[in-house]
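Asks: Below you will find the structure I want to go over with you.
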């Protein structure tokens with residue numbers, strides 16, 4: 001088994017009406033927890049790392065871990081560069097073996113976003129690396145990125161069509177009412193906008209900010225064409241909450257093998273639920 005491009009996973013998902021979950025990773029324990037569940041449920045998976053993650057643990061170390069687990073669990077997986085903003089950074093990481101990258105130029109005007117994305121696409125496609133980009137802008141906070149509500153805006157369907165045609169991007173993250181982080185109230189998802197985007201864009205669509213979104217809402221977006229669902233905040237909250245509870249019950253505890261496993265097990269329940277919501281279980285052979 002090996003680290004593969006997300007395009008192979010997303011093409012199958014698009015053809016068969018399900019979504020591939022993309023779980024953000026932060027260390028060896030989060031990688032292990034996610035893959036334990038994906039192996040058990042035989043679900044394809046995308047492991048997503050932000051620039052902040054690769055500051056915490058080197059890409060080369062994460063890549064080695066993922067390669068080893070891919071062999072151990074006999075399953076292909078994609079290691080994905082999430083919310084990267086620099087061609088130079090992406091180039092270095094692709095040369096290190098990564099075959100999936102998101103270039104985030106959503107903070108730029110349309111023309112500048114197109115120019116940046118096209119430069120990344122030209123390089124990545126020469127390396128058999130798939131490229132995701134974002135049009136429209138999600139609000140909220142994730143990792144080192146913060147976007148206030150005034151700066152967020154939804155994806156225009158006709159602009160999305162032009163954007164894909166001009167850049168040759170492999171998948172498109174759309175802004176339809178979700179946000180990074182948790183919600184103070186139930187989000188208002190613009191399903192009609194998503195349907196209109198799907199009508200004019202044929203590449204796989206990506207839902208960012210899926211943490212804390214009601215399961216039925218996520219399922220509806222998949223019915224309307226979403227083939228990659230990003231989850232980050234819910235994983236961290238589950239892990240941290242379980243570890244905090246363990247220390248509350250074991251104030252003298254100090255063995256990482258115990259409290260890390262408690263956090264991992266809590267995270268695994270979130271992963272299990274998201275796989276069920278995405279409909280991705282039993283999509284890879286045993």
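Using the three backbone atoms N, Cα and C, a Cβ is placed for every residue, glycine included.
Relevant sequence annotations retrieved from Swiss-Prot are reproduced here:
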- 82: active site, proton donor (ACT_SITE)
- 83, 180, 208: Zn(2+) binding site (BINDING)
- 181, 209, 210, 211, 230, 231, 232, 233: dihydroxyacetone phosphate binding site (BINDING)
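Buried or exposed, and what's around them? Tell me for each listed feature.
Replies: When other Cβ atoms within 10 Å of the Cβ of residue 82 (active site, proton donor) are tallied across all protein chains shown, the result is 26.
DSSP classifies residue 83 (Zn(2+) binding site) as strand under the three-state reduction.
In the three-state DSSP scheme, residue 210 (dihydroxyacetone phosphate binding site) is classed as coil. Other Cβ atoms within 10 Å of the Cβ of residue 210 (dihydroxyacetone phosphate binding site), summed over all protein chains shown, number 27.
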Asks: Pick out which of the binding-site residues 230, 233 has the most other Cβ atoms within 10 Å of its own Cβ.
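Replies: Answer returned by the neighbour count: 230.
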Asks: 231, 232: which of these binding-site residues has the highest Cβ count within 10 Å of its own Cβ?
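Replies: The residue with the densest Cβ neighbourhood is 231.
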Asks: Going by Cα-Cα distance, which of the recorded positions (82, 83, 208) sits nearest to residue 230 (dihydroxyacetone phosphate binding site)?
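Replies: Nearest candidate: 208.
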Asks: Given the recorded positions 82, 83, 208, which lie within 10 A of residue 231 (dihydroxyacetone phosphate binding site) by CA-CA distance?
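Replies: Within 10 Å of residue 231 (dihydroxyacetone phosphate binding site): 208.
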